[in-house]
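First the structure, in the form of structure tokens, and then the observations on it.
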Amino acid sequence: MKTLLRIDSSARIEGSRSRRLGDALEARWRAGSPDGAVVRRDLAADPVPHIEATTIAGFFTPADQVTDAMRAATVLSDRLIGEVEAADALLITAPMYNFGLPSTLKAWIDHVVRIHRTVAYDGTTFRGLVTGKAAYVALAYGAGSYEPGGTLAPFDYAKPYLTHVLGFIGFRDIEVVGVEGTSGEEGAAAAALDAALKAIENLPSLAA
């Protein structure tokens, strides 16, 4: 059975445009995997704590030297990475907050991007270890003009960061869908959301 791991990060449980796009992407995934299962992790309802010094020490300490405290500090990271490894596809939904991502999503990333677990380093180059999986990203922007060439494009630290960090740990098939102007005039914001949803409807069924 195929599995989709869905990560939601908007602080808004209701009325979130990024979650709405995520619902549509999830529906397209289900069209291609009708018997599949969706594992959900809502970072607003159940925030992931930021990593601490002991967590970082546990990441970089050789296995035979890890202390009980380090082991306890990396239990959550092990669990989150296990969810990614067990899934056939990953769906992340996120709004842009102050040109970047919600801190809850960054905290999740800091637990998941981990040496020897999701990325290898041979002293010269890095190699992602999360391979053979598709990733889907739904982004919502309060303002407009973040498209390539737009006046706010240089301030988009959400899409480039997410695509780079996912690629860094091994994802190669990354589909990004976004909606802009969600904080603008109500009619224009609704039209932008409808256009983004229609674009998702026109996608082929998403691969697991």
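Each Cβ is built from the backbone N, Cα and C atoms, and glycine gets one as well.
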Annotated companion of S16, R17, S18, M96, Y97, N98, F99 at the FMN site, Swiss-Prot, chosen from S9, S10: S10
Cβ packing number for N98 (FMN binding site), 10 Å threshold: 9
S16 (FMN binding site) - helix vs strand vs coil (DSSP): coil
